[in-house]
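Asker: Sharing a structure here in structure tokens format.
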Amino acid sequence: MTKSYGENGLILAETPGCRGWVDECLSSQDENDLEKKEGELMKEDDEDSLNHHNGEENEEEDEGDEEEEDDEDDDEDDDQKPKRRGPKKKKMTKARVERFKVRRMKANARERNRMHGLNDALDSLRKVVPCYSKTQKLSKIETLRLAKNYIWALSEILRSGKSPDLVSFVQTLCKGLSQPTTNLVAGCLQLNPRTFLPEQSQDIQSHMQTASSSFPLQGYPYQSPGLPSPPYGTMDSSHVFHVKPHSYGAALEPFFDSSTVTECTSPSFDGPLSPPLSVNGNFTFKHEHSEYDKNYTFTMHYPAATISQGHGPLFSTGGPRCEIPIDTIMSYDGHSHHERVMSAQLNAIFHD
């Protein structure tokens, strides 16, 4: 701070004008400096903002270019291959191919062993069920059905404690089976399938009862359901209808009247059915010629031929016989048309 001295050496009072001028000069310089600095700062800020903005624009342009390139690549890929959804498939290498082959071979071996075991089990089951044939092999489903029926029949026997008759047992076995399997079961059990089929058993039973009632044991006029009754006298039904009983005759007793017929009889003249024969796996029933058909000839139509050949009587056992006087016999031309038709039918039955 400057002090002014006078001539006499006294300090004069400070003049306010100089100080104010100095302050003003200093303040004006400071303001100019500040303005310059602020201007420089403003310029720097403007430059930084411009640079940042330009950088963002450049980045956006670069990203846009990249997206366009990606879109173009995707379009090209879409044009070449269809777009696949889901996880991407891995590339097949040699190691993966080998692993796939080994895995497939193991799976095939497991399936083959499983089928072999199943076939062996079915073969052993076929030997247990009552329908075993070396020539004819049951299918898998038929084997299982027959085994189910067999188990059910055995369980019913154990539950009731009584042994059923053969016909009902076979009906239980053949329930739900096909006709070839039913025939095979009947053949193995020595039965005729027509005797135990549900739809035919009632008809057969009624037919048997009608036939047994029309054939009494005593002498009777010769009658047959399918042939006219010739006036040739009387014959004994025990001789005409005598057949060889089979091992399954006891199973067919419900179809016959035990009070009137003591042996297995047949209502028709076709002869008894023999046990089924297996020809290439197919069981068939054939008619057996009766003993009277094999050993005797029916000679009531032509007694003159019997006398000339010297044959003995028709039946050797006692009982009413067919005795016709020779004098009353007319020639063959003298018979009526009805008698000729009837004799032809009888001749065909006893001589075929």
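Quick reminder: no glycine exception, Cβ is built from N, Cα and C everywhere.
For 57-79, the entry in Swiss-Prot reads compositional bias 'Acidic residues'. Here Swiss-Prot flags 82-94 as compositional bias 'Basic residues'. Summarising the annotation, Swiss-Prot assigns domain 'bHLH' to 102-154. As annotated by Swiss-Prot, phosphoserine applies to S258, S266, S274, with the evidence given as a curator's inference. The annotation region 'Disordered' is assigned in Swiss-Prot to 1-96. Residues annotated as motif 'Nuclear localization signal' in Swiss-Prot: 88-94.
For each listed feature, how buried is it and what is near it?
Answerer: Each residue of the compositional bias 'Basic residues' (82-94) gets a DSSP state, and the totals for helix, strand and coil are 1 helix, 0 strand, 12 coil.
Same-chain neighbours of the motif 'Nuclear localization signal' (88-94): none, counting only residues six or more beyond its ends whose CB sits under 8 Å from a CB of the stretch.
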Asker: Which numbers of helix, strand and coil residues does DSSP report for the domain 'bHLH' (102-154)?
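Answerer: Result for the domain 'bHLH' (102-154), in helix, strand, coil order: 42 helix, 0 strand, 11 coil.
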